[in-house]
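Participant: To start, I am sharing the structure in question, which I have written as structure tokens.
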Amino acid sequence: MNARAVDRRYGSWLRVNQTHLFKEKHPLVWDPLGAGRPPRNHNVAGSTSVLAQGEPCGVYTLSCAKGLRCVPPPREHSPLQALLQGRGICAKHSRTSPTERPHPTGPHPSHSGDIEKAPCRKLLNSVLRGLELTIFQSDRDIYIPNCDTRGFYRKKQCRSSKGMQRGHCWCVDELGTPVPSRASEDGTLPCDGE
């Protein structure tokens, strides 16, 4: 059997078993999104692994090397979603982060500084700065605010998911104050005006 036939016949089994073996041999490098990969740059003194410039990164992956920052792809419509899904890219650190600039999609306030002063956007920037050097390898969940294009809270907020288990969600007003809500029979949480 040639390699293509083997991959067609046993490909998914091989990938699952190779992934399982990789997780056992490299538990600190395993990425919960399922994209385990060996480290590119190994710092022997600090014994930590980091990602090199241009490598894919995200909230749940290894940190980017010193002087680099995990940024969403250019013109990404949902930069936070991209970072949560590991679709960011390690790039040279600049003073202004792409996550702190207004995005070219949706309605814009008259002054770009208005977005930065909006309550959800302030919390989001604070959380993202705190995540910058953190690797999540624990069972605790995190909360990253879900902001609209004006920097205010979207009606539905959720904590991070853990594997196949969804995070807890709740409804809020645009200032982030929780409002009464009830899950529907199918388990979804309808927040008015989502």
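Positions of Cβ are set from backbone N, Cα and C atoms, glycine also.
Those TrEMBL annotations? Automatic predictions, nothing curated.
Here's the feature list from TrEMBL:
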DISULFID  CYS171-CYS191  disulfide bond
DOMAIN    117-191  domain 'Thyroglobulin type-1'
REGION    93-116  region 'Disordered'
Participant: So which of the disulfide-bonded residues is most packed in, judged by how many other Cβ atoms lie within 10 Å of its Cβ, out of CYS171, CYS191?
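Facilitator: Checking each of CYS171, CYS191, the winner is CYS171.
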Participant: In the domain 'Thyroglobulin type-1' (117-191), how many residues does DSSP call helix, how many strand, and how many coil?
Facilitator: 14 helix, 14 strand, 47 coil
Participant: Mean pLDDT over the domain 'Thyroglobulin type-1' (117-191): what is the value?
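Facilitator: The average pLDDT of the model in the domain 'Thyroglobulin type-1' (117-191) works out to 81.
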